[in-house]
């Protein structure tokens, strides 16, 4: 007699149930092979009944399989949590990298693309008064819009004879200046207006010191171009931060003047584009000379090298020889350093807003350093520094000694540059005395208030 038995299963897939029976050697036939409901009926051949329907073994097998599936579900759930956590970590890391490495110019091709709609900015007619003012250290750059400053820079290159002497295409000069403008960030201090001020001061020193009689036109071209490019793509955080935070720039340049090396790289990335290459008419050897000279001057603006460069110049100044290439290079390095930090040479109403801009940038850096657990320089800490304390030491121990050394070669700068520095030093020292007196009065009043409080309390008792 043939015996046929049916098995009733709940919550079990058709294929998995089939697998269970097959592993026991059973021949399984499905009553409704298209049914995927929770109730499935199977017919098993009576030949293998003795093996297929060992109830205890079947229960054990099913239990183990269910446990395995539950474990798999649990593990997959954990994986989902881990994956989500990893995604969040990656997102935070990307945001951090973006905030630290926003100076990577290679990722911003848009900025480095020259504009082709020439003329790209209006050609302003500079008045006679403006042309004369541009030659003086007293020039007020706060009154000018970016397009006007671009026209002023263009005028300087023409006025010095650089466009004519080196056959620079005027349209290429415009495109180059526009691309320069676009690659300065909107930092409080290290921005395009600072670039303009440094270049205008270089132009005024070339005129005031008659440097075209001392240097070759190639040297003058290097001085001007280095001034224009000296802070390109500055991120607003100095070398100390770059090194301490181990940013991509500090890693790339091995902690050696990372910002200045970056400025050089951006400058020649721009010049590598045919539409912006103002040096296109130079032969390879001449271009190599200009490139090396420009890099040397931009690297000299790293204040970490200030003592080294000034000491070298002091050793040469008493027996200075313009024909000596080492002497000439050292002077050019000192000249761009003077121009880079020359704001206090200008009238008080022009110079003082730059102090506010610089302190704002310093405070932004020190706030980030505190948040990231990095060392904070006292002169950048908003809780410790004031305008007078920030400027007095810088003017007394950095600016005046350097400009007075240059004055040995060019006595004509004493009235135009050195004397304003001395007056600025005296003014800030007076301000510091006023601040100190106010702090003493404030402290005295605070003590008096405490005494009144104590006496009042005694009287009440």
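The backbone N, Cα and C atoms fix where each Cβ goes, and this holds for glycine too.
A quick note: this is a predicted structure, and the numbers were derived from the prediction, not measured.
According to TrEMBL, the active site, proton donor annotation covers 190.
Among the features that TrEMBL reports, AMP binding site is placed at 190, 191, 192, 193, 194, 231, 340, 391. Sequence-distant neighbours of residue 391 (AMP binding site) (same chain, 6+ apart, CB under 8 A from its CB) are 344, 355, 424, 428.
Residues or ranges marked as Zn(2+) 1 binding site by TrEMBL: 194, 230, 231, 340. Of all the Cβ atoms in the protein chains shown, 27 others lie within 10 Å of the Cβ of residue 230 (Zn(2+) 1 binding site).
Among the features that TrEMBL reports, Zn(2+) 2 binding site is placed at 231. Long-range Cβ contacts of residue 231 (AMP binding site) within its own chain (separation 6+, distance under 8 Å): 184, 190, 194, 195, 198, 263, 301.
For 114-435, the entry in TrEMBL reads domain 'PDEase'.
Residue 193 (AMP binding site) sits 13 Å from residue 230 (Zn(2+) 1 binding site), taking the CA atoms of both as reference points. Proximity of residue 191 (AMP binding site) to non-local residues of its own chain (separation of 6 or more, Cβ distance below 8 Å) is seen for 184, 185, given in sequence order. Straight-line distance linking the Cα atoms of residue 230 (Zn(2+) 1 binding site) and residue 340 (AMP binding site), rounded to a whole number, equals 9 Å. Neighbouring residues of the recorded Zn(2+) 1 site, listed in sequence order and excluding 194, 230, 231, 340, comprise 190, 195, 198, 227, 234, 301 (Cβ within 8 Å of the Cβ centroid). The number of other CB atoms found within 10 A of the CB of residue 190 (active site, proton donor), across every protein chain shown, is 25.
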